[in-house]
Amino acid sequence: MIIVTGGAGMIGSNIIKALNDTGYRDILVVDNLKDGTKFANLVDLDIADYIDKEDFIANIIAGDDLGEIDAIFHEGACSSTTEWDGKYMMDNNYQYSKDLLHYCLDREIPFLYASSAATYGGREEFIEERQFEAPLNVYGYSKFLFDQYVREILPEAESQICGFRYFNVYGPREGHKGSMASVAFHLNGQINRGENPKLFDGSQDFKRDFIYVGDVAAVNLWFLKSGVSGIFNCGTGRAETFQAVADAVVDFHQKGAVENIPFPEKLKGRYQAFTQADLTKLRAAGYDAPFKTVAEGVKEYMAWLNRTA
């Protein structure tokens, strides 16, 4: 059995799809379906069972026998970069992850988890080393602190621990994310409502490393198969502008002209204007598959999104 926490979320459900595509279906999904709309991410997937996050955490803390576990993909977290309840964030992202990590270490279960490029903050180099890490928000801090915790354990660990610093992930199964959904998702919605797509002032200068969620799932499955441990950037190694995303969406729809809107005051000083994954460690680990460009990934995503709308 493989356990996927956050399995009804965007990355978790895409990992399940990738597992299904290999013929694997013995999957336990852990999530919180208080937001019932997330069920839609699981409808076309084959899983063995579902358990609520709180019940699962209780099982983990109690050390319950959950059966034979081949691996845990830990994608469940509060991923809102605008959430400032630090106690909630640390309980949900840090303590929960520690409890799960120790459960896996005690049983030598491979543990693959979601970190984030938010650990880097406003730096201009994105290398998986302490001197490049300075998160801008409590979400980024919660991810950074768990990475630090993992670094202390890695040298002595007798089973796989692998963290992925996801950059700007976009693609299928993110419709439940609201304001945290990708720019491509929002621009598509604006065009479908008969509006012009909107970008913040300065978007031609903001560059991010946008990675297609199918590529993220492929990275996760490759590392499980390889057994490699460590903390790795999960991006394309290319920084592309928000304008490039908008151009790809407009190109798909063949209509709409980009409008600029004022940059929100609440994001000033807390916004990553530039991200670009350094892939040196990822490639050195042996992962050599190519990553979709924005033009390629957004085109595929738009076809999926408008087919399922």
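Backbone N, Cα and C define each Cβ position, glycine as well.
Substrate binding, as stated in Swiss-Prot, involves Asn168, Ser179, His186, Phe200, Asp201, Gly202, Ser203, Arg208; the candidate among Tyr96, Tyr103, Tyr271 given for that site is Tyr271. Counted over every protein chain shown, other Cβ atoms within 10 Å are most numerous around Tyr139 among the recorded positions Tyr139, Tyr271. Among the recorded positions Lys177, His186, Tyr271, the residue whose Cα lies closest in space to that of Lys143 (NADP(+) binding site) is Tyr271. If you draw a 10 Å sphere around the CB of Ser203 (substrate binding site), it holds 21 other CB atoms from the protein chains shown. The number of other Cβ atoms within 10 Å of the Cβ belonging to Lys38 (NADP(+) binding site), over all protein chains shown, comes to 22. Here the C-alpha separation of Met10 (NADP(+) binding site) and Lys177 (active site, proton acceptor) works out to 8 Å.
The secondary structure of Ser79 (NADP(+) binding site), as reduced to three states from DSSP, is coil rather than helix or strand.
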